[in-house]
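What TrEMBL says about this protein:
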- A:2-141: domain 'Aspartate/ornithine carbamoyltransferase carbamoyl-P binding' (DOMAIN)
- A:Arg49, A:Thr50, A:Arg99, A:His128, A:Gln131, A:Ala251, A:Pro252: carbamoyl phosphate binding site (BINDING)
- A:Lys77, A:Arg161, A:Arg212: L-aspartate binding site (BINDING)
- A:147-287: domain 'Aspartate/ornithine carbamoyltransferase Asp/Orn-binding' (DOMAIN)
Amino acid sequence: MKRLLTMNELTISEMEHILAEAEQFANGAVWRPQQQTMVANLFFEPSTRTKSSFEMAERKLGLEVIPFDAGASSVLKGETLYDTARTFESIGVKALVIRHEQDHYFEQLLGKQLNIPIVNAGDGCGHHPTQSLLDLLTIKQEFNTFKGLKIAIIGDITHSRVARSNAIALTRLGAKVVFSGPPEWFDENSGLGEYEAIDQAITTSDVVMLLRIQHERHDSSVETNDYLTQYGLTKEREQMMKPHAIIMHPAPINRGVEIDSELVECSRSRIFKQMQNGVFVRMAVLKNVLEQFEGGTLHENSHQKWSITQ
Amino acid sequence: MKRLLTMNELTISEMEHILAEAEQFANGAVWRPQQQTMVANLFFEPSTRTKSSFEMAERKLGLEVIPFDAGASSVLKGETLYDTARTFESIGVKALVIRHEQDHYFEQLLGKQLNIPIVNAGDGCGHHPTQSLLDLLTIKQEFNTFKGLKIAIIGDITHSRVARSNAIALTRLGAKVVFSGPPEWFDENSGLGEYEAIDQAITTSDVVMLLRIQHERHDSSVETNDYLTQYGLTKEREQMMKPHAIIMHPAPINRGVEIDSELVECSRSRIFKQMQNGVFVRMAVLKNVLEQFEGGTLHENSHQKWSITQ
Amino acid sequence: MKRLLTMNELTISEMEHILAEAEQFANGAVWRPQQQTMVANLFFEPSTRTKSSFEMAERKLGLEVIPFDAGASSVLKGETLYDTARTFESIGVKALVIRHEQDHYFEQLLGKQLNIPIVNAGDGCGHHPTQSLLDLLTIKQEFNTFKGLKIAIIGDITHSRVARSNAIALTRLGAKVVFSGPPEWFDENSGLGEYEAIDQAITTSDVVMLLRIQHERHDSSVETNDYLTQYGLTKEREQMMKPHAIIMHPAPINRGVEIDSELVECSRSRIFKQMQNGVFVRMAVLKNVLEQFEGGTLHENSHQKWSITQ
């Protein structure tokens with residue numbers, strides 16, 4: 001695996017390989033590169049969870065993280081993303097983790113002279129593969145299989161990176177995915193799966209996967225006051241869930257909107273478990289791209305004609 | 001010691017224990033956790049000194065610090081402080097150092113499922129216990145005792161975390177604390193100590209502890225031009241101090257306001273000594289909370305029913 | 001070498017010493033301080049390249065970097081640069097790398113009680129010595145000498161730290177430096193060198209050193225649309241360069257303004273090579289200031305009369 005841009009790039013066996021390695025990391029396995037290895041996390045959008053989770057994964061692998069602050073960077077001076085990435089490669093960074101508000105930002109990095117692996121930590125409303133992988137790990141730890149499971153993804157499907165990546169991956173792995181939430185937020189023609197009314201979705205699913213209402217991406221003003229009652233996970237709806245069914249949410253949570261605040265840490269909730277798993281899948285992903293990226297060594301002296309020291 | 005929120009929580013013997021360990025660190029003692037240990041500093045207010053001092057203390061203990069930028073965090077997306085703290089716990093952070101503009105912010109973190117130690121690095125106008133401890137260490141190094149000392153705390157007492165925490169701790173330890181500065185900034189009914197006119201306070205005290213005028217917290221416009229003459233430490237007043245008396249200031253300093261710029265590094269000044277001591281008391285505090293916090297191990301697999309790898 | 005503020009401070013043999021050590025680092029040499037050593041990078045202006053390059057250099061030397069965010073620092077509370085620097089010294093930082101928008105900011109740090117080495121990472125429109133050193137290294141690796149070389153510095157000479165530092169250093173080392181670009185951006189009386197028309201400069205030089213148009217520093221609105229045609233490195237002009245001549249640019253690049261986008265990574269371009277070299281010269285500079293700074297040990301107990309522990 002030379003990079004991780006979207007879930008679609010991964011074969012099912014690659015997914016399973018990453019999940020297995022993530023599980024090994026969860027159980028205390030240790031992997032470290034043989035040499036001092038620097039990476040950088042280029043986050044062009046606010047993030048606590050994903051950025052900290054990658055940082056933690058990197059430290060646990062013994063990597064050193066070169067800080068990057070988009071707000072104080074040369075991007076302000078009009079530098080292209082490609083030139084920023086090439087800069088980090090030039091100074092000796094061996095992998096880049098990038099979050100960027102632009103869909104498919106990574107396309108401008110491909111097929112050029114950039115020669116280090118990219119791990120996509122979220123592009124616009126597009127993909128967020130490590131979030132999908134941590135969701136998969138959490139589900140697999142719970143049910144030991146994806147086949148035959150029914151997963152309801154509820155909420156802001158149009159603007160959710162997670163919804164898309166997850167729906168596709170879960171379907172490929174044999175699960176049935178349905179969607180619920182405000183009908184106007186669901187595109188019938190997306191081809192991702194069917195829409196179900198909220199009560200039906202919640203009462204019949206093994207996994208109730210809530211999505212965050214992304215206020216910062218919404219133009220239309222959704223009445224968040226009514227959202228919990230109409231489409232959120234109330235205490236009443238939680239009572240209607242199947243006995244073994246679990247609750248997931250990518251966080252950050254809008255308490256009292258997508259979910260009743262008291263349910264956030266209830267026994268069905270795997271919300272903080274998902275965060276724990278995030279570190280382990282990111283360790284696995286970073287291990288794989290660093291290990292297998294043969295072009296990862298910089299040829300520092302490639303242009304050099306003379307050596308100053310004999 | 002499972003956390004450090006306020007000085008009031010500490011017994012006198014706990015204070016003395018921390019000061020003794022801080023002194024050992026100042027003399028080169030080394031303590032490191034047995035395993036790779038990550039912590040995070042959640043600073044929701046600007047700070048150079050306190051944040052850098054904690055960072056330095058953490059590095060000297062061999063801890064790894066997961067960066068957190070409040071301005072680029074999910075707090076912008078409406079996440080609660082509790083959920084942010086639980087997130088850091090979930091990803092494997094073993095202690096949180098928090099500065100927050102809200103008085104007693106830490107109360108919203110207590111009595112729930114958050115299971116890692118909190119070190120308070122300043123809450124609103126409330127407490128700042130590690131600042132108090134470094135002041136105590138500086139005084140004890142100077143006089144070897146607190147009993148019988150007279151300490152004048154001068155300036156912006158109403159808005160000062162330091163004034164309050166220090167006055168209480170010093171009184172408990174046997175010192176006499178008096179206050180001076182603009183009378184309208186002193187609340188007679190605070191029960192913290194007596195008010196003295198500036199010249200009397202300065203000429204009779206063993207420790208002249210100046211407070212910063214916190215422009216950013218003041219509604220009323222104090223005439224800072226006149227402040228030095230009326231209530232500040234001028235060169236004339238410094239001449240009137242007792243022979244062995246010392247000058248302290250928590251910094252950042254408004255040179256020419258609380259203190260004549262030329263006195264900042266005079267032989268009586270312990271201002272930069274205080275900063276040095278800050279690192280050592282923070283090392284001692286972090287050592288104690290990490291060492292004694294038995295709940296500090298995350299039960300990563302607590303919710304897990306299946307293991308992917310055999 | 002106890003500090004590095006400007007190129008003028010360096011003797012020719014000191015320059016050559018740093019270049020030789022930088023080359024050794026490029027070839028894999030390792031140097032690390034004997035004890036855990038912390039440094040801080042105080043960047044008061046946005047920067048990706050220089051800050052990341054110093055970070056990388058520091059990590060490769062095994063140094064630990066205490067983070068500093070100017071936007072969240074006590075500078076907002078009116079602290080002087082000197083007090084900020086003294087604070088970092090007090091907490092135990094052993095060297096400071098500083099970038100500041102004020103010309104000659106470092107003069108306010110000299111001749112006082114600040115006792116740790118300063119490395120200037122750029123002051124206003126003044127100096128940027130490590131950029132000059134990396135340019136020198138890149139040129140020396142290419143031509144093995146400076147004597148007899150002709151170097152054309154093209155563009156925003158008035159506002160360029162690089163132009164000034166480089167012109168002086170290159171002239172001292174025996175090269176001939178000429179300037180080109182918009183004539184109104186060149187001061188005849190600077191004494192730095194002669195002005196040549198763009199086509200003449202490009203066709204006769206061994207090194208074509210392009211400068212960035214610093215939009216953020218310009219009051220007058222330069223028509224950047226026409227800049228490439230009039231003064232930039234077009235594909236036509238590149239064809240007219242001497243066979244062995246190389247292209248340099250300090251970056252960040254305004255693609256299509258100073259240089260045709262397609263030339264950025266052409267075979268003549270040493271732009272990303274310069275960035276690689278930046279890490280190695282900074283390693284050499286940091287090694288030298290840390291190694292030779294005898295005053296670098298803090299006397300933490302200098303003011304102390306009593307030891308708490310026996």
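Residue numbers in this text run from 1 along the chain shown.
Backbone N, Cα and C atoms are what each Cβ position is placed from, and that goes for glycine too.
Quick caveat, the model's predicted, so the values are computed rather than measured.
Location within the structure of each feature annotated in TrEMBL.
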residue  : record                           : DSSP class
A:Arg49  : carbamoyl phosphate binding site : helix
A:Lys77  : L-aspartate binding site         : helix
A:Arg99  : carbamoyl phosphate binding site : strand
A:His128 : carbamoyl phosphate binding site : coil
A:Arg161 : L-aspartate binding site         : helix
A:Arg212 : L-aspartate binding site         : coil
A:Ala251 : carbamoyl phosphate binding site : coil
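Same-chain neighbours of the carbamoyl phosphate site beyond A:Arg49, A:Thr50, A:Arg99, A:His128, A:Gln131, A:Ala251, A:Pro252, judged by a C-beta within 8 angstroms of the site's C-beta center, are, in sequence order, A:Ser47, A:Ser53, A:Ala121, A:Gly122, A:Pro250, A:Gly278. Chain C lies within reach of A:Lys77, taking the binding-site residues A:Lys77, A:His128, A:Gln131, A:Arg212, A:Pro252 and requiring a CB-CB distance under 8 A. Here A:Lys77 (L-aspartate binding site) is positioned 33 angstrom away from A:Ala251 (carbamoyl phosphate binding site), judged by their C-alpha atoms. Using a 10 Å Cβ-Cβ cutoff, A:Arg99 (carbamoyl phosphate binding site) registers 23 neighbours.
Proximity to chain B, defined as a CB-CB distance below 8 A, holds for A:Arg49, A:Pro252 out of the binding-site residues A:Arg49, A:Thr50, A:Lys77, A:Gln131, A:Pro252. When the Cα positions of A:Lys77, A:Arg161, A:Arg212 are compared pair by pair, the longest gap among these L-aspartate-binding residues is 33 Å. Look at the domain 'Aspartate/ornithine carbamoyltransferase carbamoyl-P binding' (A:2-141): DSSP puts its residues at 66 helix, 21 strand, 53 coil. Taking a C-beta cut-off of under 8 Å and a sequence gap of six or more, A:Lys77 (L-aspartate binding site) has no contacts in its own chain. Here A:Thr50 (carbamoyl phosphate binding site) is positioned 13 angstrom away from A:Arg161 (L-aspartate binding site), judged by their C-alpha atoms. For the pair A:Arg99 (carbamoyl phosphate binding site) and A:Arg212 (L-aspartate binding site), the C-alpha distance works out to 18 angstrom.
Residue counts of the domain 'Aspartate/ornithine carbamoyltransferase Asp/Orn-binding' (A:147-287) by helix, strand and coil are 61 helix, 23 strand, 57 coil (DSSP-based). Cβ neighbour counts within 10 Å, taken over all protein chains shown, single out A:His128 as the most crowded of the binding-site residues A:Arg49, A:His128, A:Arg212. For A:Pro252 (carbamoyl phosphate binding site), the same-chain residues 6+ apart in sequence whose C-beta sits under 8 angstroms from its C-beta are A:Thr48, A:Arg49, A:Arg212.
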